[in-house]
């Protein structure tokens, strides 16, 4: 009986050790940033920009950015 328990324990330990090697590899998609083609005016709210990029420009994400704080544009992220 002790031999059986030892064998089962060793098998379970081996399964746990080798389970880590079987983990799937996750590949992150490259995202490219470009200014929204359909946004008009200055961008003040990141949430509105993100919503606009996803719904109108079919992007993955978006946020307000730009060189001057008083005039920022909406930039969208797309899969490259």
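Yeah, the Cβs are placed from backbone N, Cα and C, and that goes for glycine too.
Bear in mind that the values here come from a model prediction, so they are computed numbers and not experimental data.
Features of the protein shown, as given by Swiss-Prot:
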type: DISULFID; residues: 32-80; note: disulfide bond
type: DISULFID; residues: 43-64; note: disulfide bond
type: DISULFID; residues: 49-74; note: disulfide bond
type: DISULFID; residues: 53-76; note: disulfide bond
type: SIGNAL; residues: 1-29; note: signal peptide
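This view paints the features noted in Swiss-Prot onto the structure.
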residue: 32; record: disulfide bond; CB count, 10 Å: 11
residue: 43; record: disulfide bond; CB count, 10 Å: 21
residue: 49; record: disulfide bond; CB count, 10 Å: 24
residue: 53; record: disulfide bond; CB count, 10 Å: 23
residue: 64; record: disulfide bond; CB count, 10 Å: 18
residue: 74; record: disulfide bond; CB count, 10 Å: 29
residue: 76; record: disulfide bond; CB count, 10 Å: 26
residue: 80; record: disulfide bond; CB count, 10 Å: 8
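Taking residue 49 (disulfide bond) as the reference point, the disulfide-bonded residues whose C-alpha atoms are within 10 Å of its C-alpha, out of 32, 43, 64, 76, 80, are 43, 64, 76.
Residue 74 (disulfide bond) falls within a strand segment according to DSSP. Taking CA atoms as the reference points, residue 74 (disulfide bond) and residue 64 (disulfide bond) are 5 Å apart.
Put simply, of the disulfide-bonded residues 43, 53, 64, 76, the one whose Cα is nearest the Cα of residue 32 (disulfide bond) is 76.
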